[in-house]
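Peer 1: Can you read through this structure? Questions will come right after.
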Amino acid sequence: MGCCGSAERPKREWKPLEDRSCTDLPWFLLFTLFLVGMCGICGFTIVTGGAARLVFGYDSYGNTCGQRNEPIEGVRLSGLDHTDRKFVFFLDPCNIDIIQRKIKSMALCVSQCPTEELATYYDLKRFAMMNGSELCSYELPGHKYPSLPERFDKCPKLPVPESKALPVFNRCTPVDISCYAKFAEAVVTFVSDNSMLNRLIAGVAASKEIIVGLCLLALVLSMILMVIIRYISAVLVWILTALVVLGSLGGTSVLWWLYIDYRMTMNETMTKDLRETEEPNGGMKTTKDHAQGLLIYAVSATVFTGILLLLMLFMRKRVALTIALFHVAGKVFIHLPLLALQPFCTFLALSLFWVYWIMVLLFLGTTGNPEKNEDTGLVEFRLTGALQYMTWYHAVGLIWISEFILACQQMTVAGAVVTYYFTRDKTKLPVTPILSSVLRLVRYHLGTVAKGSFIITLVKIPRLILMYIHNQLKGKENACARCMLKACICCLWCLEKCLNYLNQNAYAATAINSTSFCTSARDAFMILVENALRVATINTVGDFVLFLGKVLIVTCTAFAGVLALNYQRDYTEWVLPLIIVCLFAFLVAHCFLSIFEIVVDVLFLCFAIDTKYNNGTPGREFYMDKALMEFVENSRRSMAMEERGRSKRARPKEEVELTEVKAMAPGTSSA
């Protein structure tokens, strides 16, 4: 049946790593066709000249520089031979549209950029005669520049600054970029003193070796933490539990103390006011409102603390499972050290794809049919008709393929962890479980990954559209519309996070049983529902422990940075280097500990399946690690003790009832 099949299915028999088959083949074919479409867009931009116009540049008449051109109907001076004119020159390079982020000046193809400042039209004439590079419009002869009346509109604005050609893109750019001050002001508006900015930049330049060293330190600390967290997880968990409980009790106590103190002060003030004036109603009302607000806060905090204490009491035994899973996850990284390289591989794949995507997007910006702008008289290339949907197709490709790459990482990690968990003899693990997992993914499960990433894309696109609408309407919409937009964005974000978690477990189920995405998601969901309290404990306690790990890495890196930068007595020079180092440290810690989080989640799913379908008897032996086995044994002993306690409490009641029956028996017979 399909994903939503209503037929009653047989009970799932989990057979880890026994059978392998291709999953979700139609989705693999669909994703392949989508990739062909993405490549087709790139090919279209190259064939129609969009790529050439971006790289070589084009003038305001639609001619591409450095090649022969075909005439454009209705556009004069089009179809020129610019084989010798390889550079784009702007008549007024400082005429920048801040909103549209482009130069509004007329552009020409020239054979050479001006190598010196040209202050007069005679200088333009001399430059044209000596170098053969005419900087005015094509119909104006170079030797007549100073006397032509059209020189004010069709020649460059004087003085013409010295320019250099950009590498690869062949645009003449002023050497002195002071005319781009508007952009510079937009970048540095947060700094009111230019000397402050210069000092910050100087601090970064002087500390570049230290910054690189500290970034490497953060990388090493992240890798070390993934291994040693197995030894400190118990301490972190119980410290976290104690801090949460003490913080809740302390916060509640402070609120009640403030309320009582405020009431006592209010009573004294009211008594004094009654003696001095006969109309204290306004002040009394404000004071009572403040007291009522404090009372509401105190009662709410009390209810929250009570619920939290009950949850801690009820879930205290399940915290031990989180500690055991962290312990086993540390072992996984020892046996599978190549897991630590997953963030690098994913980052490299995403970076390559994003570079390609941006390049094709720029190609699309110079692709299409030439149209003359009636306001400026310049020729612009625009996609019209059905071709304009290529940009939307390309945008969807950014989201879907990015999610696909991230899903491949999740499937690779899940496959390696599943292989580790369900291999009883760890000495018989594959030489490279990560590589084996990648090969299984490529051979069998690309369709499953494509389907899961497409579902995330379907949720992400509406959220991004709503965010765009919200930004465009900022300050224009009413409060109700703003609230509804934010609520929709929040709901879609929550749905996306839930689907991400379910997808991750579905990939693990696929790695175990080699089932399709929908079947795996359904099976994983049933397992998670049966262990809902355990899932809640692992996600809350485990996530916070990992957050503390990130804070630990950032703090250690920042402390090392302060020690390393101590030679610079001007503390203002520390700011920017430390900010850069701390941001990089948090990013690295997040990437590595996210892999650790995936490992813990996959281990839990394997553990839940193992305990559900095995009981430790011959023929149904557990696959789990010794640490998880100890947790299971402790849980069984606790359950056995509870059963004995209940049986002892029930036995006296049975004896009393038996005595009453015996006492009633003679009376009944005599009657």
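Heads up, the Cβ atoms here are built off N, Cα and C, so glycines get one too.
Marked as region 'Disordered' by TrEMBL: 639-671. Taken from TrEMBL, the feature transmembrane segment covers 25-47, 210-229, 235-260, 294-314, 320-340, 347-365, 398-422, 544-568, 574-607.
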Peer 1: Against which stretches of its own chain does the transmembrane segment (25-47) lie, if we need a Cβ under 8 Å and a gap of at least six residues from its ends?
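Peer 2: Hits for the transmembrane segment (25-47): 356, 360, 363-364, 366-367, 390, 393-394, 397, 400-401, 404, 446-448, 450-451, 454, 517.
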Peer 1: Have the transmembrane segment (544-568) and the transmembrane segment (210-229) got at least three CB pairs under 8 Å, pairs 6 or more apart in sequence?
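Peer 2: Contact confirmed: at least 3 Cβ pairs fall under 8 Å.
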Peer 1: So which of 294-314, 320-340, 574-607 has the most C-beta pairs under 8 Å when paired with the transmembrane segment (210-229)?
Peer 2: 574-607
Peer 1: Sort out the residues at least 6 away from either end of the transmembrane segment (574-607), same chain, that have Cβ-Cβ distances under 8 Å to it, and list them.
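Peer 2: Distant Cβ neighbours of the transmembrane segment (574-607) are 16, 200-201, 203-204, 207, 210-211, 214-215, 218-219, 221-223, 225-226, 229, 321, 325-326, 328-329, 332-333, 339-340, 342-343, 347, 410, 413-414, 417-418, 421-422, 501, 504-505, 508-509, 512, 524, 527-528, 531, 534-535, 538, 542-543, 546, 549-550, 553-554, 557-558, 561-562, 565, 568, 623-624, 628.
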